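Colleague: My questions all concern the structure below.
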Amino acid sequence: MQEDGIAEPGLLLPRYPGDDTRPTNKKELLGWYSYGWAAEVFTVCAMGSFLPITLEQMARERGVLLSDKTTPCTAIWKTPESSNTSWQNSSPAAAGQCIVYILGAEINTASFAMYTFSVSVLIQAILIISMSGAADHGSYRKTLLVSFAAIGSICTMLILAVTPKVYLLGGLFAIVANTCLGASFVLLNSFLPLLVRYHPSLLKEESGYMVRSPTENSGQPIATDCFSNDDPRAALLQGDGMTPEDTREFISSSNTSKELTISTRISSYGIGIGYIGAVFLQGICILVIVQTRQTTFSLRLVLFLIGLWWFIFTIPAAFWLRPRPGPPLLRAQDGKAYQSWLGYMAYAWKSLGRTAMRTRHLKDILLFLASWFLLSDGIATVSGTAVLFAKTQLNMEPAALGMINVITMISGVFGAFSWSYVSRVLNLRASQTIIACIFLFELVPLYGLLGFIPAIKNLGFLGLQQPWEMFPLGVIYGLVMGGLSSYCRSFFGQLIPPGYEASFYSLYAITDKGSSVFGPAIVGFITDHYGEIRPAFFFLAILILLPLPLMLLVDADRGKRDALALAEVLEARSSLEQRDYGTFSQQQ
C-alpha cells in the first residue's frame, strides 16, 4: 500500500485514543516545509532587514538630533550624495544619531528598535510556556500553529497603516507579530521528532519498530509487549520495558544515528526551503523599495508584502500537516480530561517546572541549553545590531540593506545544504559541526572591533568603516546561520526523552527566545550610553565566544541514553494514564 508516493510498511500500535500512528507521508512533509517557506520570510526579510529600520525610521521622524536635542530629525530618508564617509570623520551627530522621549526617558532611535525586540521576546517566552500543555496534549498543536500564523501575518500587514505620528503603534504590531512567529515555530519544531519517529525508512529497519501490517487481522488482541526493547518508544508503552543495558544497546556507537541523519536532513531542507522563499521575496521587496523612491512608506509597503506572503503560504500547511494529537490531559483527582484553556495553562506552567526539574537528570541537555542560551542571544542580537549599524553609522539606504540580506540568505541556503556534506566528509559529530560554526561566527564582531585600532582607523576602510564591508560579513553570517539553524534544532531533538517533545522544545524555545531579551536590551543600553553602536561589538564578541566550552562538554550518546532512561521512569510514574492506555491497547 502506498500513500502519496511513500510506501506504508505498517501501522504502529496506538498508545491512546486518537493516536495517529500512520507513517509520515510526502504530503505531510510538504506541509511542514510549506510553513517554513511561509514564515521564514518574516524572520529573514522583516526581523533581519526591514522591520528594525522601519521602526528606527518612524521613530527618527518624530525625534530630535542627539547633538543639540532640539533640532528635529529629517522627515524623509536622506542619505548624503556620497555614503562613503569614513567612520573616523563621523561623530555620532554627523552620522545622524537621533533620540526620542518615551515615558520621559531619552531613547536613541536605534535603541527603540532593539528594546521593541526585547519586549516581544519576553512576551513570547510567557506565551510559549502557557501554550505548551495544549501542544503536548489533545489535538491543538496544529490549530495553535495556524492561529498564531494568522494573527502574526495580519499584524505585519497592518504596519502599512501606521504613520510616524503613531510610531509606538508600529512597535506594538511588531511585538505581536514577532511573538506569534516565535510561538508558531515552537509548534512547528515539535512536529519534527514525530515526522522522524514515523518516517517509513525507520519503520523498515529490522531492529526498529514492531509494526502491525494493515493487511493483518486487526481484530486480534495485541499486547503492549509486542514492541521490541530496542524501540525508542517502548518506554512510552510499558512501565518496565527498558533497562539501562537495553538503552546502551540501542544507541549506536557510530557518530550519527539513523534518527539524527533523517532529522538533520528534514531540518536542513526546511531551513533551505525557507531561505529560498525569503531570497525570492527579498528581491521583490528591493524592487518595490527602489520603485517607490525609498521612503518610509516603501518600508511599510514591503512589510505588508511580507505579512501577505506569510498568510497565503500558511494555507497549504493548514491542509497538509496532520494534527498528530498527543495523549489527553487528565486531571489527577478524577481522571477526566481538562476542558478549559485555564486548565491547560495551569498544567503548562506546572509542566515547565517539572521539565526544568527533569533536566537535572539530563546533564547533556543542561549543557546544551546553557550553550544555546548564549549562542541564540548572540545570533539574534548580531542581526539587528548589524542592520541598525549599517543604517545609522554607515548611512546605507534600504535597497542596499536589502541586498546584504539577499547575499546573507543565499549563503544561508548554501550553508543549510552543505554543512551536512562537510560534516559527513570530515566525519564530524553534530556538536563538532556546531562548534565550527561558532568559530566562524566569532569573526563578525571581531572584524567590527578592528575599527578601534588607530592604524586601521586611519586607512579609512576595514573594520566596518565602509558600506561595502557589510557584504562579506553577510556571507559569513549566512553560512553560520544555515549550519546552526539545522544542526542545533535536530541535535537537541536527539537529547529529548521520547514522548515529551513539545515540553522540551518549549524549554528549547524559551532558552532561545528568552535569552534574546538580554542581548538587544544590553546593546540598546550601550548605544544610549555611548551615542553609537560600535562599542557593542565588544559585548557581542564575548557573548558568541562563551558557548564554546559548554558545547565541547556535550556527549550525544550519553544524552540519548539518559533521555531514554528518564522516559522509562516518567512513564512508570504515570500509573493512571498507563491503565487507561493499556485498556485501550488491549481493545485493539
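Cβ atoms here come from the backbone N, Cα and C positions, even for glycine.
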Colleague: Can you dig out which of the ranges 87-107, 507-527 Swiss-Prot describes as transmembrane segment?
Modeller: 507-527
Colleague: Are there residues at least six beyond either end of the transmembrane segment (399-419) with Cβ under 8 Å to its Cβ atoms? List them, or say none.
Modeller: 44-45, 48-50, 53, 268-269, 271-272, 275-276, 278-279, 282-283, 285-286, 289-290, 294, 387, 390-391, 433, 437, 467, 470-471, 474-483, 485-487
Colleague: Are there at least 3 C-beta pairs under 8 angstroms linking the transmembrane segment (507-527) and the transmembrane segment (434-454), leaving out pairs fewer than 6 apart in sequence?
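Modeller: Answer no, regions not in contact.
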Colleague: Looking at the stretches 109-129, 301-321, 507-527, which one shares the most CB pairs under 8 Å with the transmembrane segment (365-385)?
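Modeller: Out of the listed stretches, 507-527 contacts the transmembrane segment (365-385) most.
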Colleague: Output the single range from 109-129, 168-188, 270-290 maximising the number of Cβ pairs under 8 Å to the transmembrane segment (507-527).
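Modeller: Going through each listed stretch, the top one turns out to be 109-129.
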Colleague: For the transmembrane segment (109-129), what are the same-chain contacts with Cβ under 8 Å, counting residues 6+ beyond its ends?
Modeller: 47, 51-53, 55-56, 59-60, 63, 73, 97-100, 102, 171, 174-176, 178-179, 182-183, 186, 348-349, 352, 380, 384-385, 388, 391-392, 506, 509-510, 513-514, 516-518, 520-521, 523-525, 527-528, 533
